[in-house]
């Protein structure tokens, strides 16, 4: 990796790209798309076409005559011939000339000549001979006549550190198939292999190309000729195996029709256990007895209408309710001439209200029945946990198991009392019988970790026993031979540290979203049944039995120690050891679960340990891990570092690369343990989804599991199509008091129970989502009861440990609020924006609209969200407004820029002036820096970027942290334009820094993190809250500055946890900058009260927008109330 590099080096990428003004990623309303950016067809080949002069391998291809049909070599040749042009420009010209080498060369030659002429005659009139030739496509920067993107580095003295661009792809660096010799690991040598028995087993064909029904499977047919008991048993197993299907889009209709009976059966079986309820009586009782707010909510009507309904109580029957007129007297008097129409409407309205109430109650009944069914499965887990000495009962809705293994070593318990308060409540009571205590101790097994011998692996069963086991697949038995018995938990597990938490967001990145591929399979209902039959027999032949010979469930024992497949240097924390045992318990019971440990406690560590444990006990893969883009490479590194014996394959790359990857991974099926991919690909186009769907994964892990907390989202539907025997959701967020989220999590755990109830659930959630009255945040009694029941029932399936419980492993965290003053310029701007807010609120409240059509439209289109955003920007920095560059200046600028070659021919002064009018002072300054020959005199020359109350406070903080304490610091901001300003501030202060935001290439993000760890001379890392606020590990810094806070405090907490997590050795200080007497104080107060968080679902952008709009409305009301009275007093 390199340090600072000159800006003209083509083989160095500036990170992130948005730090260059070529990409406008800001809150400015001006967001033009530069025509220089290649379309999808070129973008998909970008990594192959990109000119890399430092790569000697490319030189060999450019010295020979260009072969026909080789645009890659042609593009490299052009780049070498014209090194004074950027790669982007060469690509754009090559494309605009239809990939014709000769035409592109001629065009670039003319551009070079034009640039030379302009350089020597920069003061000449643009109308002279140096004017570009009249080829409209030749000026991609200005062929619209408007101002395009802001280009170039605005600060030649920038102290930002850049890193060399990655030369290889993620797959090349981490693929086990590509790098088979990179890691060697000694597997257990004491395997007892019976070659004669193995020779009798059928050959397993791995190649999977199309859907073949079980009764048509060629493997199955091959057994018919064998006429052996094993062949017959195998054929029966294939016929009943649901997880072994390989869907093809040509066969989906057939599969859907064949699955219909299974779906119906599942629903019928489930309904049989649900007690019949007289729905009409329940609805009538609700109408007569319910609270007004509940009545309004379930009938999907206004509070006023609900009061009218209540005024006619009691109703003798539902028929009497339908025949009641719910119009008030004023409405009747004002519409006496329309009585007939109103009577019909009234009747229709009564029926509509009744239908809504009926649908809602039916939905809540469905929820209640599902909760009851889930409870029975929860009891199975609870009963086995009691064998460990754990009592699950209690008010807490989540498990917080800590150090269960230590409960059995009385002499080791004394030192852990402080961190085992929850354990003390969970252990068996003092009145337990001696037999119960013996049973509790009997389920804990350990082994000698100092032994050099590998953990013994189970010997293969004789063919006769294998045949018998397969014949009884529907009721699996434990193989209990004295020589072959394997204690399920007697082997062990462990893993590293580093988790990748919730980020409430999958940031907007370049995760290879190929728009032309966004056509999805219409998979029908078969996926619901295929995916989720968690009680079905596992596809692999090593399935661990859940029933012993005497018909009783075997005890899943608590094991101590780490797996032998983990690196010898790794040791597990006690709570992590407990977490792996809990995962194993749920896995053996074939029930999915949620690991919700607090952010920074090493969920990644526990997952990799669990995979190592599964391989050690011969539970085969492949497994799948779905992660946010920012954490992809970190996951791959963690696998390499902590479990080198596991064979990991990343599924990530461009469109063409992924096509090659699919072929490679299909050809090497069975040669890898885990596939790691991103959410954008797992829920992407049909090819990616189909490939992953047909891998027949054993375990699927969803990192940042909050993305699955909305069962009605498109992403949830796509991800649930990925088949798996066991699903694990990782999240650092606690359960919210939100019924929709709880039911989504339940569907994730036990999806087959939801098939017949899906419509009833959707009716409730859709109704709740569109409620617009003041009671929209109210949970009806039925909903609150369901929430309480659901949270209690889900307790066995959700494990959450908080940092305060494992504080002995983490240094303390200190949070501070640093108040900042508005400077004079900020105060003037802020007061002006306040008046706009007040006027907007007053006019809407009084129903006054301007007579001028333009002003009226402006008022109606404005929203509280936009107005509050303006106040937030004023609290941050005055350069986020156009205050310095007045109309007179931008008129001169729009005229001067026409002398630039990019705008001389097609530039339109009026269009350019209009574009400039929407830009902020900082954006206009960047534009001037970008065109120094014509606009340099308009640049800001007085360090205006240093003039802000927050910048003053930041300077003092940085001096204390960097100069006085010699420590590192992370600075987070929600806005990329603020990060641009911070770049100039830090460069002015001469602090070296790195930057990461949503536009930073995924392939380069880990390089930045590595650079920050390795280079002690780089004290600052600036990050966007959304892109850098989750998943990554930055414990080398122990100071965090939140430059601007989010509406949701969870976002800021995640950002802070980049430093306060497992691996941190110093005390962590988190400082939030808040401008006094500004909107930021109000936001902070709302955040402290955690308002609106229950409805927050970060994956669902619509829900996020609703949250921000709601908070903005509240803030506008607060501002209006605080300022209207003083204003009236003055008058």
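The backbone N, Cα and C atoms fix where each Cβ goes, glycine too.
Listed features, source Swiss-Prot:
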COMPBIAS  16-36  compositional bias 'Polar residues'
REGION    76-111  region 'CUE-like region'
MOD_RES   232  phosphoserine
COMPBIAS  250-271  compositional bias 'Acidic residues'
MOD_RES   369  phosphoserine
COMPBIAS  405-416  compositional bias 'Acidic residues'
MOD_RES   451  phosphoserine
COMPBIAS  480-533  compositional bias 'Acidic residues'
BINDING   597, 598, 599, 600, 601, 602, 603, 604  ATP binding site
MOTIF     703-706  motif 'DEGH box'
DOMAIN    953-1108  domain 'Helicase C-terminal'
Local backbone state of residue 598 (ATP binding site), from DSSP in three classes: coil
Residue 369 (phosphoserine) versus residue 603 (ATP binding site) - Cα distance in angstrom: 32
Between residue 598 (ATP binding site) and residue 369 (phosphoserine), the C-alpha gap once rounded to whole angstrom: 31
Number of other Cβ atoms within 10 Å of the Cβ of residue 603 (ATP binding site) across all protein chains: 31
Candidate with sparsest Cβ neighbourhood (10 Å radius) among 597, 598, the listed binding-site residues: 598
Largest tally of Cβ atoms lying within 10 Å of a Cβ, found at which of the binding-site residues 599, 601: 601
Residue counts (helix, strand, coil, in that order) that DSSP gives for the region 'CUE-like region' (76-111): 27 helix, 0 strand, 9 coil
Rounded inter-Cα distance in Å - residue 597 (ATP binding site), residue 369 (phosphoserine): 29
DSSP three-state assignment for residue 603 (ATP binding site): helix
Cβ-Cβ neighbours of residue 600 (ATP binding site) (radius 10 Å): 28
Counts of helix, strand and coil residues, the motif 'DEGH box' (703-706), according to DSSP: 2 helix, 0 strand, 2 coil
Recorded positions: 369, 604 - member with fewest neighbouring CB atoms within 10 Å: 369
